[in-house]
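Okay, structure first, notes after.
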Amino acid sequence: CLETQPGLIALAVIAVSFSLFVPLVFAIVFCCSIGGKADDKKGKRMSKCCFSFARTSWETILGIFLFVSTIPIILAFITNAQLQRAVQNVERVILTSLSDGNAFVRNTDFQLRRTTESAVDSMIQRVFQDLNGVRTILGKPIQNELALETNFESTLKQLRDLKLDISKLVGDCGILLDSAQNTRFQASNTDTALADLSRQIDNAIRQCPGADRSLCNRIDTTGFRVSISFSTNGSALDNFSYLEESYALERAVSSLSDLAKGYEILDLDIKMQTEFTNIPSQVHAATSDMRANIKSILRSYRTSLIDSVREFEDLFDNIQSKMSRVGATSTAIFVKVRKYNDIQFFVGLGISASLLFMWAFLLVSLCCGCWKGNSKEAFETSCSTRAGGNCLLISVFFIAILSCPLWLAVSSLLIIGAHGQGLVCQTLYEEGFTTLGRIADDHNDFGPGGFFGSVIFDNDSLKVPLSDVLRRCEKEESAYKVFQLGNYVNLENLTDVREITTIEKELESLTIDMSNAITYYPNLENSLENRTSVLQLELAAFRLESQRPLLLARPSSIVDQLEVAAKEISSQSLSTKLRYLASKARDVINNQVRFLEIRKEDLEDAANRLSTESILILKSANTTFRNLQNIQNFLKNNTAPLLQHRLQGYSKRISDYMSQFTVYMHQVLKHDVANCKPLWDIYNQTRIVLCRYVFDPLNGFWFSICCCLLIFLFSSVVAMKLAKYYRTRSGNSFHRTNWTVMDGQEDVGSNW
């Protein structure tokens, strides 16, 4: 490494050279200065003006040097104090970094477990919601699509209208039966009245005298009876009676007698509506096994995944135990370092004090030399001036003596500080961290796996380059990817739910049979058609009988016969009786027979209407049952593609939840979970405290000492020169080679 630091080598050589030669040179010069005579008469004398100017100039130069040297002296005291605090800062940062590292490890473990648990729980919850909501998610869309394809609502409305029409037909049949019963009762009363009237007429005819016998025999009461019985026994009204019993209004219209299952047409629309409404429930029942299997698989998967994630605990516990041991060792080391830190502080304080001592000695010497005392002339030498000259020589001696250890100290501190700056800080702040990576990853003491592989993870086969870790952590990448934790527990494969083939098989095997979703009853259709046909036949027979005349004889003929006979019969009493019977017959005909005739016509009209209604009902029933049959055929033959499409959509919905979980986990494992930026912060904080708070003050300390020594080096030259002026007894007796001084004038020439 030193071969790559030529500047460091040059500075070290210069410092060592100064530490050896400068004190020797100054010692020789000091001895020569002490041994020389100040009043040597040899040489040429200098004028008073030049002497004063020269001494003042040297005093000014020395003062400037002393003033400038105050800055590095103060800097030496400051940097020495910073070095003492640097140990405390390093201790605090190292221990804090270890604590933060422990927190980072715990947080990584927590985030991996927490993220995985929350993600898998969210996925399972969404899948379970869809599995439990199969009625709404799958069954309801199937129901709506079947309704749209089969036009079920319209058919159901037709069936309900058919039910209402049949109910109305049954009601009309009941009204017809009631009217027939009332008519039959009225006909019976009328027939009784006619029979009684016929007997009375027959009795009157038998009382007719012989002379009027031929006239009385003209009265014919044979057809004077009701010819229609309106009886239900053996008549068309028997069918009305049967319908009245089977389709009573209180029970609406029941199934026909040949249907043994007991289905009623009144309940058919309700049953169809119920069956259609229960399609979601049928879907729920058909998928129960599949849903239970998927739930069981997902529960087992969650348990297995959580158990796998918890395997990180052993790894992280091992790392934390190592960091705890490092922390304990660091604490013990810093306890010892604090003791040596006090020694370092006092040594640095002694060095700074020695610099201050030399500076103060020079300053006092300069002040003594500048003191005029009782001398009236500036160039005259006083006692204090001579003492100042001697002090300057003594200060030069001390500088020569102290500079040797100080230059050695500068050399030592230079080597330490320069190595720290060049090897430590430059390595720590190097772009790409190549050198640091080679040290951490290729060092034999760490093992084949490098620092992280062999030391941290105890896995020699794991290669985690330190430089790569620092670069990626600075970019805030996930610790899972940075530290290749997938080699320990591969969460990417474990969270790939798409690899669970059993779920795919369950979804692919999902089938639903909708062929019997709506029941079709062909027997009911046939029975209704047969009953309607019978009703038409019976109504036709009833209409045919209703068309017969109510009385065999013309109603008014009997009255006319009685009135004619009453006029022509000679017997007054018999004539009166016949007139009475004619009047009574007229009343029966007008009041009862004509009313019965009207009732007969009403029954005939009602039968005609029922016949028409039955024909329309039969047509409507045929259309409705044909639509029902079409629905049933569609369900049997055409529901497979529809159901397959819906089942694929439902399966894809569940598969998408699992795919989203897998994509999310891969994303967070790659970028988000357990961000390793705190590790970069720990590294950055450590290099800052080492470089800025340790090596920078250390370099500042040796640099300030070096600056002081260099200033004192030049100050020593000036001090020795100035000491000659201070030690001269008078300006007239001061000698220097090549100086020419005359009393009252001077030949300056080129000498000054």
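Using the three backbone atoms N, Cα and C, a Cβ is placed for every residue, glycine included.
TrEMBL has this to say about the protein:
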type	residues	note
COILED	586-613	coiled coil
TRANSMEM	6-36	transmembrane segment
TRANSMEM	57-78	transmembrane segment
TRANSMEM	345-371	transmembrane segment
TRANSMEM	392-416	transmembrane segment
TRANSMEM	701-720	transmembrane segment
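For the transmembrane segment (57-78), the partner stretch with the highest count of Cβ pairs under 8 angstroms, out of 345-371, 392-416, 701-720, is 701-720.
Through the fold, the transmembrane segment (701-720) approaches residues 15, 18, 22, 26, 29-30, 33, 58, 61-62, 65-66, 68-69, 71-73, 75-76, 79-80, 83, 348, 351, 355, 358-359, 362, 365, 392-393, 395-396, 399-400, 403, 406-407, 409-410, 413-414, 417 of its own chain, all at least 6 residues removed from its boundaries and within a Cβ separation under 8 Å.
Mean model confidence of the coiled coil (586-613) amounts to 79 (pLDDT, 0 to 100 scale).
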